[in-house]
Every structure is written in structure tokens, then in C-alpha cells.
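Asker: Right, I'll just put the structure down here and ask away after.
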Amino acid sequence: MTGVGFAVTGVIESNTLNKGNPERLVNGMDYHGNICGISNYVTSRGENVMNLPKAYFLPSGLTICIPSCPMEKNFDKFYCQYEIQAEIEQRVAIVAGNAGIDAANNTQKSLGLYYTSTKQCMPHLKTTPYLGYCRPDVPIEVVEGDLNQKFANESLHTSSNFTIVQEEPKGTFFDKAMADAKTSRYVIFGFGLGAAMILGLIFLVLIQTPGVLTTMVWSIVIGIFIGLIGAGHYMSRKSAIWMAQGIRDDREIIGLFWLSRISYVASGLWFVTICCLRKRIVLAIACVKEASRAMAAMPIITILPIIQAVGLFVFCIPWGIFMAYLASSGEITAECMCSLDQNDDTEDSLILLNSTNISNSTNGTAIISDDSTGCGEGCFLYKSFSYSQNTKYAGLYMLFVWFWTSQFIVAIGQLVVSISTAMWYFTKNKIGVGNGTFFKALILTLMYHLGTAAFGSLIIAIIKTIRAMFAYIQRKLSSKPGSKTVQIILRVIQCCLWCIEKCMKFINKNAYIQTAIFGYSFCKASRMAFFLILRNVLRISAVSLVSDFVLLIGKLFIVVTSTIGAYFFLDYHYSDELNGLWLSTMLVCLISYATAEMFNEVFGMAISTILQCFVADEEMFLPEDRFAPGSLAQTIDSTEEKHTSSNTIYPKASDGKSELKKKHAFAKKIFS
């Protein structure tokens, strides 16, 4: 990544990658196709566009490059098309030589106002610099009204009511939205982040309350069964009514009848599944409860996603800079887009009139002439980039680096949560477990398991990169006729790759847990995790089912409570300061949802770790040496009785101690 970055930033010279300039991405383009502040083009006034970094809109919708954005409104001063500006200055100079300065000033005002009426000039408006453009501080409608009044006062008659062509939709929604977000920013982050995290901890305490989690899970299970039965009964009854009254088509009646039978069958399958998994559901409830106890004992573990986000942000700084330079290193194509119907600005009504390449070099001269653009009133000049094959390969490599690094940070978090939870489980005196355990797990991960995280994340990154390549091919072929068969094949490949990615993420997750418990390398941990899943497929299914229920309820609890609380707080304290409450409330909802997702990621990993610790405890240790706490101990006891009755008990002390010591030396070293 650093090599590519140094090449496109110009730190090192490269024959295959052009040096980029991020200003080419954001700076405006004038009506000749020159990039303001970049292109080496001398205007009719003798000014070089390289010294004119800001883009200023004219009434026609075209733009010109100017030195800086005007900070005050002045209808006696004008910015014009380069040729018009040069003509005005020449005529003003002649008048000044013949009639004096006052006459010259009046001539300049009159000509500027006249050319404004023809939409070739624009008076100085109070503007704010925004991404290389001068953005008016007042709505365009206000400017139109002021200019029409000015024309009337000067007895300047235009062909019709003067209007300004806008590239963006009229209105100040963006301004109001940003103003509300700025005014309520502390409330947004306070409720969306702080309150949501506190609610997550409260949820952990609630589900530890005796009977709450069990009632919650079994209520959902029974509710689903009743819902399927009820839906089947309703559809069966409704189809009978339709048949009796003859008010519906036969196909609708038959379709609803068979849907009712499918619902009955689904309810039966659900009932049989729950009967088969009932003991595993009890185990799953116990795992969820113990996972909540583990997280409550180490509350700092809930901020782990924030630490990961900070790490990703730090990585994004150099990566984003390098990508900006790489993205700006291509050749610019100027495209003039015009509407077939001046009153229709929909996407379907836009056509490309002309496109011309602009030199990539910052010293190159733009080659678009005023006539060659084909851009008149109601048309806009856009810039797009085209890249060489080497630049595309560099972009693909940078995308791969992003996938690998982001997945590596995720893997580090999963390992830290797994080791923290495993250390809590394999500690008999849990009073001594606290936030210090989390930091010990973090140190162990950074010292011993970075290779495991890198290997697992590499596999996911490769799959994601392949998916991105097929998506690129699919997008390129979408506009070509006769490619429907290829499109279907590519969609099937994308679906298969998506399934492979999901399977690998699941295996990686369980491999990290095996690494956390036993200290295995990635390959061995993956193999052990795969066979552990096969041996305990019903247990894992039950835990997955129950944990999904609990995590969904937790997510709803966090998001709904945070959002409602923020709404009433804003209504009470900020109702007179905001344009509306809905935007700030929606931002709280989005941020609290993201917070709940991060919380669920940690909680879900802890639940899976508790399950594998339970299995390891069951297989590793003799009954008197086991670590299972609370309700899990009862589950192990019932399992032990089952194994005893079937003569498949675990190794006796006389023949199994040496094997256990050898196989689990790492576990004893860490958890003793």
C-alpha cells in the first residue's frame, strides 16, 4: 500500500502510475473544460486558470474560475465569461480615457447588468467556499427576485421573467438538516452512543434476572407456533368464504388454500423441531445467561467496537489520502449534459452532447473551446475520469488492502472477546475477574495471535476481492445488448461467493474461539472448529436460534428506548431551536442502531465462546475438576448421566490424566 501511495503522491517516481492531485476531484470545471486552480490555461483577460481556484456559477448554469469567493453582495460588480469580461474591460478603458472614471464606472455597471440579463455575467453574491465552489448564502429564488427588481429599476427589459439555471434542486433542505444536526449534536451522540451503551449494560442485567430470559425465549418460541397455526386457520377460513361467495378468482382461492396448508405444515415442523431441541434450548438459555454474566463482569468489553473503530479510522487516514491521489491520477473527460425538455430534469431526459479528454498533467492546457462544448443555457459541464490498466490494478490492490485490514481489525476484536470470555469461564473464583481480564486478553492477542487474525482475515479479503471483480465485470456488461445469459451466470457466481464468504466467516469465528481456548494455530483451529461443529450441530443450532432471538430483542430495546428518549428530550429542550425534530431523532436512531450492532457483535461472540467452553469443559476435565458455573453445571450433570447410562463416559483418571495434560497444557497455563 505504501509503495502505491508513494507513487501516486509523487514521493517516488513511477513509469506506470501517474501522480495524482486530489484537488482535481473537488475543484470545479469552467465552461471551457478547465479545472479551476489546476489547468494551465490563459483566459481572454490574460489570467491563468491555475491562479483561479474557485468555481462561480453564472445564471446560464455554466461556471467560471475566479480567484476567491465573494464575501459580500454587490450588484455593481460582476463576474463574466472570460471573453465578455475582456470586452467589458476594453470598452471601460476606452470610456475612462475619453470621459473619465465616473463615466467608466457607470459603463461597467450598465454592461455588467446587460450581460447578466443575457446570463453571461453574474453580480457578486455573498457566498461560502464549498469543495472548490462558491455556494450562495441565500436561496436562488431571492437572487432572482433581486435581479428582476434591479432590471426593472434600470428599465432593462428581458424577454421573460429572469430565472437562474440551477444544477441542484431548489430548496434549503440540506441547510436546515445541517443546522439541526449541529444544534443538537450533543444530544444525538449522547443518546445515540452513550445512552445506547448504558442501555446495553442494563439489558445484560435484565436477562440475568431469574426467569426473565427463560420466559422471553419460550414466549417467542410458543408465539411463533401459535402465529403459524393462526395464519393457517385464517387463510383456510378466508379461502372457504371466497369460494362460498364466489367473489374471487379460482386461482386466488386455490393459492390461499395451499398457503394455509403450508402454514399448517410449517407449524408442525416447528413443533417437531422444538421438541427435538428442547434440551438444547435450555442449554442455549444457560449459555446466553452466562455470557451476559461474563460481559457484566468486564463492562469495558462493550467499548471494544469503539476501539476497533478508532483503529480503522487511523488506518483510513493514509489509505484515504493514497486513494484520493490515485483516483485523481486519471485522465479527465469533460461531458456536457443537457435536458431534451427544459422543464424536465429527470435522469431519462438528459443526453450527452459532447465529451472531450483533458490532459492529465497539471501543466497541460485544456483543449475544449467554447464552441466545442456544445453547452448552452440549461446545460452543465461535468468531469469524469478514465484510468489506465495499471491504475485499475493499483485500485484493485488498494481495495484488497482495505478488505484485509478491516477484516483483520474485526478478527482482533473477536479474539479479544473470545479470550476474555474463556478466561472468565475457566476461573473458578469469578470475583477476581474484571476489566483487568480484558486488558490481559488484549495483550495475549497482540503478543501471540496476530498471525491467526491475519491468516483468517486474508481468506475473507481474498473472497471479497473476487466478489468485487465479478461485480465490476457485471456492471460493465449490464449496458451491453445480448449479455443476459452472462449476467445470469455472474449473478449465480456472486451468490455462490456470498455463501462461501458467510461460511468462511462462521468457520473463522469458531476457529478464533478454539485459538482462545487452546492456543491453536489458525489451520488447526479451523479443523478443530469444523469437527466440533459436526459433533455438536444440534447444540449450535439451538444456541444460534436462541441467541438470534435475544440479540434481536436487545437491539430493539436499545434502539427504541434511545430514540424515544431522545425525541422527548429534544421536544422539551430544543423544540424552539430546531426546524423539526424528525431529522435529529432519525440520526439518534441510526447511531443507536450502529451501537446496538456493535454491542450484539460482542455479545454474540461471547455466547458462542461460552458454548465452546462448555463443550471443552465437558470433554477436557473430570467431573470434579470442571468449571461450569450456575445453570450450565446442571446441564453438564444431566449430560454426564446420559453418557454414563450409555457406557460412553469420558476417560478415567487412571488412563486419561496424561492425555489431558498433554492436550490442554495451554489451557491450564492460561486459566490456572
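In case you wondered, yes, glycine gets a Cβ from its N, Cα and C as well.
Heads up, TrEMBL stuff is auto-annotated, nobody curated it.
Note that the structure is a prediction, hence the values are computed from the model and not measured.
Pulled from TrEMBL, these are the listed features:
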- 186-207: transmembrane segment (TRANSMEM)
- 213-232: transmembrane segment (TRANSMEM)
- 253-274: transmembrane segment (TRANSMEM)
- 294-327: transmembrane segment (TRANSMEM)
- 396-426: transmembrane segment (TRANSMEM)
- 446-467: transmembrane segment (TRANSMEM)
- 513-534: transmembrane segment (TRANSMEM)
- 546-569: transmembrane segment (TRANSMEM)
- 581-599: transmembrane segment (TRANSMEM)
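What's the neighbourhood like for these features in this structure?
Answerer: Non-local neighbours of the transmembrane segment (186-207) in the same chain are 213, 216, 288-289, 292, 295-296, 299, 302-303, 550, 554, 557-559, 561-563, 565-566, 569-570, 573-574, 584, 587-592, 594-596, 599, 603; each lies 6+ residues outside the stretch with a CB under 8 Å from one of its CB atoms.
Within its own chain, the transmembrane segment (213-232) is flanked in space by residues 207, 260-264, 266-267, 270-271, 274, 281, 284-285, 288-289, 546, 549-550, 553, which lie at least six positions past its ends and keep a Cβ under 8 Å from the stretch.
Same-chain neighbours of the transmembrane segment (294-327): 1-2, 4-5, 8-9, 17, 19-22, 25, 197, 200-201, 204-205, 208, 385, 391, 394-395, 398, 401-402, 405-406, 409-410, 412-413, 416-417, 420-421, 424-425, 430, 433-435, 437-438, 598-599, 601-603, 606, 610, counting only residues six or more beyond its ends whose CB sits under 8 Å from a CB of the stretch.
Long-range contacts of the transmembrane segment (546-569) within the same chain: residues 187-188, 191-192, 195-196, 199-200, 203, 207, 213, 216-217, 220, 281, 284-285, 287-288, 581, 584-585, 588-589, 592-593, 595-597, 599-600, 603-604, 607-608, each at least 6 residues beyond the stretch ends and with a Cβ under 8 Å from a Cβ of the stretch.
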Asker: Per the 3+ Cβ pairs under 8 Å rule, pairs at least 6 apart in sequence, do the transmembrane segment (513-534) and the transmembrane segment (396-426) touch?
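Answerer: By the criterion, they touch.
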Asker: When you scan the chain for residues with a C-beta under 8 Å from the transmembrane segment (581-599), skipping those not six or more beyond its ends, what do you find?
Answerer: 176-177, 180-181, 184, 187-189, 191-193, 195-197, 200, 302, 305-306, 554-555, 558-559, 562-563, 566-567, 570-571, 574-575
Asker: In the same chain, which residue numbers or ranges, 6 or more beyond the ends of the transmembrane segment (396-426), come under 8 angstroms Cβ to Cβ?
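Answerer: Contacts with the transmembrane segment (396-426): 1, 4, 290-291, 294, 297-298, 301, 304-305, 307-308, 311-312, 315, 319, 322-323, 326, 433, 437-438, 440-442, 444-446, 449-450, 452-454, 456-458, 460-462, 464-465, 468-469, 508-509, 512-513, 515-517, 601-602, 605-606, 609-610, 613-614, 617, 627, 629, 667, 670-671.
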